[in-house]
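Under the heading ATP binding site, TrEMBL lists Gly130, Lys131, Gly132, Gly133, Val134, Gly135, Lys136, Ser137. For 85-101, the entry in TrEMBL reads compositional bias 'Low complexity'. According to TrEMBL, the domain 'MIP18 family-like' annotation covers 5-69. As annotated by TrEMBL, region 'Disordered' applies to 82-113.
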Amino acid sequence: MAVNRDRVMQELEQVAVPGGSNLVRADLIRALTMTEDEVSFVIEASDAALARALETASAEAESRLRALGFSRVRIVTTAPAGKQAGVAARSGPAAGAGAPPSLTIGRHPTPQAGPQAIPGVKHIIAIGSGKGGVGKSTLTTNLAVALARKGRRIGVLDADIYGPSQPRMLGVADRPRSENDRIIPVRAHGVTMMSLGLMMKEGEAVVWRGPMLMGALQQMLNQVEWGELDALLVDLPPGTGDVQLSLCQKAPVTGAIIVSTPQDVALIDARRAIDMFGKLRTPVLGLVENMSSYVCPNCGHEAHLFGHGGVAAEAAERGLPFLGEVPLDLSVRLAGDSGQPVALGEGPVAGAYARLAERLIQGGMA
């Protein structure tokens, strides 16, 4: 018989916490999710001292839930950053000397009076889509590499905090280091990059509410030593939510590039992204049609699997620049999985990214 949420909460009520209460009565449980064999939740402490004191309670909760039949139990303890310093993740490694300031602390954003420039960064370009699965992260990676190959100093900020993919796509596994309480980003293929994915095990889930996302983004913008950059490309998550809003409020964003496939269902969400950036008074620098065409490697026939020309037509209708098309090709997937972006090589796809990069340079955006 499957264990339901009420049964889990009853078990957590048996776990005592400092002060004579329990995890449930003290209202410490957040973001509880369950499947048939897995349960995960956040214990949100008021400060770091309580977070440390709750380690015993977390261990007891894990033991009790495993006894109910869950094969995997994931418990993360958070404390606001202003009250210092850490997340205790039951499976996480301890930070050693020289470890970077933790981005897994679930910190809330600190007050900030308007957008704050990043020293040394000339342009901040948001890469958005409004919809997942249209190749936004792939485009960010390859556009960054294409710009770097043209001599530009380029950074990538992986703001897709729930699903960071830039470490895999750029072939980076090393954790960043720190100097003087500043995070030193990593470099690959001539690109400077920072991602929450570098601070976590691959496949580890981020279970955070909106304020924690906003705090992590603010930390990656302002605590990372980006150095001198012609452009910082920000790989946004799908949708029109907290991260997009925070970026445009916390940083002087030069503008946004909207990525979409030609099909109507993707364009619907691309329109929402355009509308969102308009409401945030962030210019849309242009639209890109991804997966625009597919050329059969055997016979050379060109097919338009998702339609063709829809993004160009949308750009024309709205009076926005159309930056170009990127074809669908197996090499893109293979290159992304191997950490060797397709823009490093030659061929039709690399050429498409090179043309996109040149348009940005000619437009003074990179």
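Don't overthink the numbers, they just go from 1 along the chain as shown.
Keep in mind that glycine also has a Cβ here, set from the backbone N, Cα and C atoms.
Just so you know, TrEMBL annotations never went through curation; they're auto-generated.
Positions of the features from TrEMBL, shown on the structure.
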| residue | record | Cβ contacts under 8 Å, 6 or more apart |
| --- | --- | --- |
| Gly130 | ATP binding site | Pro238, Gly239, Thr240, Ile258, Ser260, Asp269, Ala270, Arg271, Arg272, Ala273, Ile274, Met276 |
| Lys131 | ATP binding site | Pro238, Gly239, Ser260, Val265, Ala266, Asp269, Ala270 |
| Gly132 | ATP binding site | Pro237, Pro238, Gly239 |
| Gly133 | ATP binding site | Pro238 |
| Val134 | ATP binding site | Val259, Ser260, Thr261, Ala266, Asn290, Met291 |
| Gly135 | ATP binding site | Val259, Thr261, Asn290, Met291, Val326, Val332 |
| Lys136 | ATP binding site | Ile127, Gly128, Ser129, Asp235, Leu236, Pro238, Val259 |
| Ser137 | ATP binding site | Asp158, Asp160, Ser165, Gln166, Met169, Asp235 |
Taking the centroid of the Cβ atoms of Gly130, Lys131, Gly132, Gly133, Val134, Gly135, Lys136, Ser137 (ATP site), which other same-chain residues have Cβ within 8 Å of it?
Ser129, Pro238, Val259, Ser260, Ala266
In terms of DSSP three-state secondary structure, what is the assignment for Val134 (ATP binding site)?
coil
